[in-house]
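Trainee: Before anything else, here's the structure in question.
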Amino acid sequence: MKIGVLGIQGDIQEHLRMIEKTGNEPLWVKSTSELAEVSGLIMPGGESTTMIRLMKKYELWDALREAIASGLPVYATCAGMILLAREIINYPEQETLGVLDIAVERNGYGRQVASFETDLEIPAIGDTPFRAIFIRAPIIEKCGDSVEVLSTYKEKPVLVKQGKILASSFHPELTDDLRIHEYFVKEIIGKE
């Protein structure tokens, strides 16, 4: 199965490597024609305002919103999650795709120097804790009724699912643990 990584900015190579390790074909997505080729898409972390500018420059902004509305499975990490959110509490003027019913706070867990790692309980992927890496991570402050919380940190959601959308505040691509990427492939994209 061909799974894309939105390839305009962020942890692109790391996600491509994880897709390959799950036994699927990775594709670096930089155009609408490449977007049309994939069975699922990963939106990496990076800097959300830069990502918006580049997505619009390469005509991916509206195409991605339409693809997600049409059922394209998406997994978004960190800044990717910010782009999907319905609302950014501390930057209300920032545009989003608005397809995930959450309200987030950018850099909610602190700036770069406040980055940290912690073990998370994620029952959907097994009993062994997942070592999560948070880098300038957003906090999910509110979730709509259609959003399922898969994991929390200090009572705040950090891994959520809504239909064919999976999103995390943390960066599983920076670990060697494939379980979240495998969950995306098996449970969100499903079998073709």
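The count begins at 1 with the first shown residue.
Including glycine, each Cβ sits where the backbone N, Cα and C put it.
Remember, predicted model here, so these are calculated numbers, not experimental data.
So Swiss-Prot lists the following for this protein:
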- C78: active site, nucleophile (ACT_SITE)
- H171: active site, charge relay system (ACT_SITE)
- E173: active site, charge relay system (ACT_SITE)
- G46, E47, S48, R106, I135, R136: L-glutamine binding site (BINDING)
Trainee: Of all the active-site residues given, namely C78, H171, E173, which is spatially nearest to R136 (L-glutamine binding site) at the Cα level?
Mentor: C78
Trainee: Given the recorded positions E47, E173, and counting only Cβ atoms in the protein chains shown, which has the most within 10 Å of its Cβ?
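Mentor: Result of the Cβ crowding comparison: E173.
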Trainee: When a 10 Å sphere is centred on the Cβ of G46 (L-glutamine binding site), how many other Cβ atoms does it contain?
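Mentor: Result for G46 (L-glutamine binding site): 21 other Cβ atoms within 10 Å.
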Trainee: Within 10 Å of S48 (L-glutamine binding site) (Cα-Cα), which of the active-site residues C78, H171, E173?
Mentor: C78
Trainee: Would you list, in sequence order, the active-site residues among C78, H171, E173 whose CA lies within 10 Å of the CA of R106 (L-glutamine binding site)?
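Mentor: Final answer, ordered: C78.
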Trainee: Could you state the CA-to-CA distance between E173 (active site, charge relay system) and E47 (L-glutamine binding site) to the nearest Å?
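Mentor: The Cα atom of E173 (active site, charge relay system) is 16 Å away from the Cα atom of E47 (L-glutamine binding site).
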Trainee: Look at the recorded positions R136, H171 and tell me which residue has the greatest number of other C-beta atoms within 10 angstroms of its C-beta.
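Mentor: The residue with the most neighbouring Cβ atoms within 10 Å is H171.
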Trainee: Report the member of C78, I135 (the recorded positions) whose C-beta atom has the most other C-beta atoms within 10 angstroms.
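Mentor: Sorting the candidates by Cβ neighbours within 10 Å, the top entry is C78.
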